[in-house]
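Quick look at what Swiss-Prot lists:
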- B:D450, B:D456, B:E459, B:E460: Mg(2+) binding site (BINDING)
- B:39-147: domain 'tRNA-binding' (DOMAIN)
- B:399-472: domain 'B5' (DOMAIN)
- B:694-787: domain 'FDX-ACB' (DOMAIN)
Amino acid sequence: MEIEAVEKEAIEKLSKISNVQELESFRIEFLGKKGKITGLMKNLKNLPPEERPAYGKRVNELREKIEKLFEEKRQQIQRILEQEKMEKMRIDVTVPGARRKLGHSHPVLKVMEEIERIFVSMGFDVVEGPEIETTWHNFDALNTPEWHPARDEHDSFYITDDLLLRTHTSPVQIRTMLERKPPIAIISPGKVYRRDYDATHLPMFHQVEGLHVDRDLSVAHLKFTLEEFARRMFGEGAKVRLRPSFFPFTEPSFEVDVYLSGYGWLEILGAGMVDPNVFLNVGYDPEEWTGYAFGMGVERIAMLKYGIADIREFVRNDVRFLSSY
Amino acid sequence: MRVPESWLREFVDLDWDIEQIAERLTFSGTSVEDILRPFNVSGEIITARVIERFDHPASEKLIVCKVDTGKRIYTVITADKTVNEGDYVILALEGATLNNGLKIEPREFKGVISEGMLCSLEELGLEEKSDRVYRFPDPVELGVNVVEEYGLNERVLDIEITPNRPDCLSIIGVARELSALSGRPLNKPQPDVSFVDEDVQFDVEIEDVEGCPRYSARIMKGVTVKDSPLWMKARLVAAGVRSLNNVVDATNYVMIELGHPVHAFDLNRLKNKRIVVKSAKGGERVLLLDEKEYELKGGEVLITDGENVLALGGIMGGMESGVYDDTRDLVLEVAYFDPVRIRKAAKALGISSESSYRFERGVDPNDVELVSLRLAELIQKLAGGYVLRKFWDVYPRKIEPKKVMLRKARIEKILGTKVEEPGDILRRLEFQVEDRGDSYEVLVPTFRPDVEREIDLIEEIGRIYGYEKVESKVISVPAVNRGWGEKQLFRREISQFMKGMGFDEVVTFSFVDSQKVKKWPLVDREPIALSNPIASDMDVMRTSQFYSLIQVLAENFKRQNRDLKLFEIGKIYFKENGNFREIETLSAMSCGLENPGDYTDKRSVSFYTIKGVLDELFFRLGVNVVYRAAEIPGLFPTRSARIYVENREIGFIGMVDPKLLDEYDVKEDTYFFEIDMELLRKYASKRPAYRPTPRFPAVRRDISFLLPKGFESVKIIELFKKSGGDLVEEVGVFDIYEGKGIPENMVSVTLYVVFRHPERTLTDEEVNKIFEEMVQKAEREFGIRRRF
């Protein structure tokens, strides 16, 4: 039986095929127009007519079977080829990426922005002013006359007798009050300068000060503002306490401690009710207006927040230090 | 201010322990910084008497003593051979600890066992340096523990007194605070002095009434100047003052106790027996007790005898009129000096004394009599002698207590809480208070110069009442507030951009080294010098952030951080037409690898990459800039440019001069730029307008030109843009190449041109034609040629 022989041969050959060329030769040999299976059909005319349908059917069955096997084989080879190609393209996906670096924020400026964001979200305006200030704006207008001992507390950098590098950002409050009518609620972030340089002091550092003036503000409102700030800055558990102190420009004045779990009470801010003399100096009527003010050193808060022991780290700007922020 | 606990308790009887005292003081405005133990001695340190003394059998340097404590006799060895039989001494026995940390135990010295130690004052912490064993001047009871007897177990409150509270620079002042806080009475000293009537020729006159509104003198005679007793030494040392002799110690003691500085003169050292208080003319030279000679500036208050300067009033006594061992007769000065005058003089002469510190903050002009009596009482107790009845007290214009009205409603308005019985709080602070219905009429004692106004009284009430009792109240702020302004938002945008470009943000000092600014004047601006810089290399305000960034870069370089991209948005400062200006700038400095974390990119930073950062910034902000080659001192002459917008310079860029880098030990090519933030923001307000998204395809052509070095290819780009007309959408650089295959001093620059028609697809033919014309025009115009 020729059909069986062809079938046997085809299956045997097909099983040995391992590449595309052999596959194509096989197709021509068996399934092509002149192929062996087509050739079997040619025997049809030599058969008695009654056998022909059965024969034809068997040849067609054979063709279908071989075609099916061929297709399977073709797909198998295809898969192998793809596999090979993929192997060639294999890379080590665990190797570190070719990293592109984003720049880092400076921790002090990062914390300063955070502080600003809190007060902005509470409705305060952000105002700025010059770093080279007149002694009038920096001291006199803030109720610190020339021979007041409190001027010693700020050992200042002078440029001329009347000009200095501002020792706090409070002169911005003076400038703002001279420009705007109350009520006002502002914060003034920025650089300030004092002649001090050691592990806890820099001759240039950053402050955020705030001022809120309205008709009926009292210590109770100051307390709320500071408590709200502390909760947003340090977490809901942060508590605030006021320790009476002295600043020439506020009365009463306070050192403000914030309670942080794990640290205890830490002195973080200075604050107080605006001294009536300051209002008089800017033309506000202290009978009509009251207000509170507060100020904080940004470096100090950044040191607490990040556990930095030496303030000089901030101006060393070692990029490995910066890369944490 | 150091306040020994035992001293404080003499004036107010409290149930509180020292920690409670510290807490109450701190939360009422008298900040206790620490609770100190000034003496580090403990154990059996007792009074004893030397009953036998003999040479050490084996050492010439030592002696052996038999010492009686009243209970037992101890054998003790000492190196102080001046110790004699009969001396009353202090004996430290086994287990005791001395101030230097030494623990006493029996110890053998060359065959003899010493059972204890005879102490010097140094070993007790009462003196800085002693060379002798302490001997009591008079017999004392034996076996008394000196640690307990003289308060060497004393604890001391270390208090920070704010400048407005001179009254608290005294034991009595702090006691008054505690009296107000506790409601317990304040026990003021009541000096008991017996007087002698004796005629003496003496006189006090004040010429400078403004500088010295009150001057009092009292005369004591027949005193014996000597070492102070131990209790006095212990008190003074605990309060942080050195013991000198009994008279000087008494003056210091009274100052600490009552807060009023006093002075003692040797009557017999006064050439004229009178005191005249004058204002210095200037130029006088005085030798003060600190053994320094000062030349007066004029305006100092002088205590004279009419001719000779005896003391610098309120600041320091003179050497010549001082109290010494041979002094017998004293003039005791208790005066009141004007705070501002004292402060000016102390500042001008650079002297700060315990006395000037108090006078410049303000002492009580009206406690003079009490202070003078207390001083006389104390000196008499310590130095004997007698006190003359006559008291010279010149006080031409009495300083009266101020009367201040306090509206009751105002208390709650400021404090935000209702205070019960505010008048009582003031009374406990020794204010006289009359209730006048809606107000109180308050008489302010003259030891409180800080209280002048209603608000000052409210502060007093608040701090004694306690702020922990104030409940917070929610605020409301003006609804027109906008938070951050345009300037701050712009700054943040630029900062974010720079970080996005891989630059680290740094913070640097605004002052730099004037020598560097002078040597490398990157910008032609007059620097602003500080009159009192903190260091010689931080003596001028920077005229460019360059000087700050180069330091950061160099410091990092030294620490082996060598791939650096740094930026700072900060101010530069300069003088212009007599005005002091400060301008915010964006500056960046970079060296090393362009992408250090990226091993697929080995490029180093270059002029073009750092310029690329700027160009992207300008593009983002819609700012059209022009770069012009420029020579900038500090930057490399052929690799730097100034940047212009509408012909106005907004900054500069360049490679840092390697000679400058050498000064900082930086060994990598480094690039820098600085841009004026205010101008940038001004021009950035013109953001790019909307352009419809193209619908038809573009055609691109490239062309390489061989250009002589120094030829500015931007000219070709401009020409292309012009000559190509509306069809040219974009012209840019595709490649810059020099080296192999290119003649020396020539550069190959490949440009690309993108053509696009808004309404149809361009054909190759028409583009080729236009492009060829453009290239030929460039060749003709600039005398350059294309490279094939």
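Just so it is clear, glycine is given a Cβ too, placed from its N, Cα and C backbone atoms.
Distribution of Swiss-Prot features across the structure.
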residue	record	Cβ contacts under 8 Å, 6 or more apart
B:D450	Mg(2+) binding site	B:N164, B:R165, B:P166, B:G362, B:D456
B:E459	Mg(2+) binding site	none
B:E460	Mg(2+) binding site	B:I425, B:L426, B:L429, B:F431, B:V451
| Counting each residue once, how many in the domain 'FDX-ACB' (B:694-787) are helix, strand and coil under DSSP? | 33 helix, 32 strand, 29 coil
| note | Summed over the domain 'B5' (B:399-472), the DSSP helix, strand and coil counts are 30 helix, 17 strand, 27 coil
| Filtered B:D456, B:E459, B:E460 - binding-site residues with C-beta under 8 A from chain A | B:D456, B:E459
| query | If you count Cβ atoms within 10 Å of the Cβ of B:D456 (Mg(2+) binding site), leaving out that atom itself, what do you get? | reply | 21
